[in-house]
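Features of the protein shown, as given by Swiss-Prot:
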- 100, 101, 102, 103, 104, 124, 125, 136, 145, 163, 164, 165, 166: NAD(+) binding site (BINDING)
- 178, 242, 256: Zn(2+) binding site (BINDING)
C-alpha cells in the first residue's frame, strides 16, 4: 500500500507493505552519498537485507545504540563527525533503520547536517508507525524527552512489515499503545473494534490483523499532521497519554508505549475529575492486564518527581501543565490542569493497584 502526504508542497510517499524495503534502491542513485543509521539490534537480525544496498560505493552503514540510548548529545556529535569526515554535500541521504528512537535521532542528524540533507525513514517496529510519519525529530536532554529537535519532513517512509516478525513481545506491547491511541482518537466505535480484535495477549502476540490497524493509524496521523504540521492546534491531540506518560517513561525507564498506556489511564481519571466524565477506569485497566502490560510499577509512582518532568512538557505554556483529555469520545480537548488535580489523579490511579 502506498500513501501520500497532501501538503501544499514537499510531499512524500509512505510505503506500507511486505517487501517495501526494495524501494530504497530506487532512491540511492539520486544521492551523492547515503548513510544508513541502523539500530544495533536490527543489524543483528537483518544485516543481510542491506547487502545489495551496501554494495554501492557511496553507501555507508553506521551502527548506533538501540532505543533511547542513542538520543544523546554525545552520540549526536560522534555520528555527525563521522559523517562529516566523508566530505558530504547537501545531496546526501540519512537513512534511519530502526524504531522510533532511531528515526528521531537520524532525522535530527539530517535536519542539522549542512542545515538539512535528505532523510528516509525505514521503521522496523510497530511503535515507529507513529513516529516515522509527521516530521518530528529530536534528541533528549537531562531535563526531559525530545526537548531538542525540529520539524523535518522525510523524503520517503518505507515501512516493510517483514521486520515486525522478529519483535519481542515487550516491543509489541510498546508499539500497540500508539495503535490503540489512534483508535481512541477515532472514537468509541474504533476503540471497541480494536479491543474486540486484540482481546488478549495471545492474539496481540500473534500480530494477526495488525497490518490493517497500522495502516489505519498512519492514515489517522496523516489527517491530523497535514492539517496542523507545527502542532499549533489539533496535532496536540496526538499527545494523548504522553504528558504523564513521558514523565513515567523518563523517570522509571520503562518502554515508551508502556508509559503511554499508563498515561492514557491517567488522563481518563483526570477527565472524570474535571468534566464529570463517566470513563470506566476499571475497564481500561483490566484490558491492559489482559494484554499483558506490566503495571506493578504504578504503586511506586512518586507524584512530586513526576510533576517536575510534567512541567517540562512541550505542550505547556505560562499557565502551566496542559494535557490532552478525552472529555467524551469524539470530544477531545487540550486543557490546563492544576497541580492539585494532577496529584489527586495520581493518588487515585495507585488505589487501583493496592
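Each position is counted from 1, following the chain as shown.
Keep in mind that glycine also has a Cβ here, set from the backbone N, Cα and C atoms.
Remember, it's a predicted structure, so these values are computed and weren't measured experimentally.
Here the features listed in Swiss-Prot are painted onto the structure.
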| residue | record | Cβ contacts under 8 Å, 6 or more apart |
| --- | --- | --- |
| 100 | NAD(+) binding site | 123, 125, 127, 128, 130, 131, 132, 256 |
| 102 | NAD(+) binding site | 37, 38, 39, 42, 64, 66, 70, 96, 124, 128 |
| 104 | NAD(+) binding site | 71, 131, 136, 137, 138, 139, 146, 149 |
| 145 | NAD(+) binding site | 68, 246, 249, 250 |
| 164 | NAD(+) binding site | 124, 125, 126, 207, 210 |
| 166 | NAD(+) binding site | 45, 46 |
| 178 | Zn(2+) binding site | 126, 127, 129, 130, 131, 217, 257, 260 |
| 242 | Zn(2+) binding site | 260, 263, 313, 324 |
Reduced DSSP assignment, residue 125 (NAD(+) binding site): coil
Secondary structure at residue 178 (Zn(2+) binding site), reduced by DSSP to three states: helix
Maximum Cα-Cα separation (Å), residues 100, 101, 102, 103, 104, 124, 125, 136, 145, 163, 164, 165, 166 listed as binding NAD(+): 28
